[in-house]
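Here is what TrEMBL says about this protein:
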- 94-117: transmembrane segment (TRANSMEM)
- 129-152: transmembrane segment (TRANSMEM)
- 187-214: transmembrane segment (TRANSMEM)
- 235-261: transmembrane segment (TRANSMEM)
- 281-299: transmembrane segment (TRANSMEM)
- 311-330: transmembrane segment (TRANSMEM)
- 382-400: transmembrane segment (TRANSMEM)
Amino acid sequence: WLAIAKKFEPLLLLPIGFGGLLSNIPEAGMALTALESLLAHHDAGQLAVIAAKLNCAPDVHAIKEALALALPSVQGQMENLAVDMGYTPGVLALFYKVAIGSGVAPLVIFMGVGAMTDFGPLLANPRTLLLGAAAQFGIFATVLGALTLNYFGLISFTLPQAAAIGIIGGADGPTAIYLSGKLAPELLGAIAVAAYSYMALVPLIQPPIMKALTTETERKIRMVQLRTVSKREKILFPVVLLMLVALLLPDAAPLLGMFCFGNLMRESGVVERLSDTVQNGLINIVTIFLGLSVGAKLVADKFLQPQTLGILLLGVIAFGIGTAAGVLMAKLMNLCSKNKINPLIGSAGVSAVPMAARVSNKVGLESDPQNFLLMHAMGPNVAGVIGSAIAAGVMLKYVLAM
């Protein structure tokens, strides 16, 4: 409904929605793994075999609790045992295992996003990198918000779940899916739906915050013309960026590596066919399977939980905080700079590309019809993509280590 009637990110929400429909067909088991199919079948003899391996009572509830506490290797053994007993995983469960369980699909999409990205506005005005960094504050503020809800007993969230929810604030769907697949696969469906829904709602969420934090005079600030960026700079930037980030934060290397590789294909100019395929055919195919895979996590008894409401609430708060942080950082930079930055472009630091940049331009034109901010706003917008990937790397490194 959101995809068709409201045109909210239809390229992903349509396959997600249809995947959710398929996963909730009674008795079809399209989203069930072989082990989940075994548990749903309630065969006493088979349950006893699984329970004996897990050293627990031979009932479904006890087996599920034991599996939740078991090591991934033990879970894999139980899955193989279920296959040996004649059960097969559903088609959506297979899609999920290949596309998201392995982490491949979000990485391929990030490669496509890199091939569609122009770093020119960022290189022409490197200061805007700070705006992209500031907008990631929404991610970490939301992690604290989720842990606060847990502390007061309102909604139960673990630290990995809180970290996965926080990444919604980066306004980057592939990163949100990648991180939640690693940290909190049980919340993947709700996080993906929230991330893409709020990305589509950027034109509604951001303008009131932008106008509340800026004066009419600030919104009319005209920025100096961007310099021309050389081809050599554009080719070197993704290589240097990857080397620096990968050395300091190896956990961010998969996401940023694919992003930089896609961009290098675009800027090098020597692999036009590959660049064109990544930007169009490949990213479209992977998007279909990614959407259906996310839909596998929208089974009603798992999705319709109090946690889902908490995720939707925290998601919109994350967007709001990220937008506000970017605008306030621009105002702070203006205090110690001769070349003023229009604070409206700070809101483009959330990495909804290019929607957030268009919103900055639109709000700027409302105050001054001759003030075109689109190319200036693309700088922090692209920086936001880099920032969200780095934030995901930070989450993976420190949360998984705990």
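Here the Cβ of each residue, glycine as well, is placed from N, Cα and C on the backbone.
Unlike curated records, TrEMBL annotations are generated automatically.
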(request) Among 94-117, 187-214, 235-261, 281-299, 382-400, point out the range having the most Cβ pairs under 8 angstroms from the transmembrane segment (129-152). (result) 382-400
(message) Using a Cβ cut-off under 8 Å, which residues of the same chain at least 6 positions beyond either end of the transmembrane segment (94-117) come close to it?
(response) 31, 33, 174-175, 177-178, 181-182, 185, 188, 238, 254-255, 258-266, 275, 278-279, 282-283, 286-287, 289-290, 292-294, 296-297, 353, 382, 385, 389
(request) May I ask you to check whether the transmembrane segment (235-261) and the transmembrane segment (311-330) make contact, with contact taken as at least three Cβ pairs under 8 Å and only pairs 6 or more apart in sequence counted? (result) no
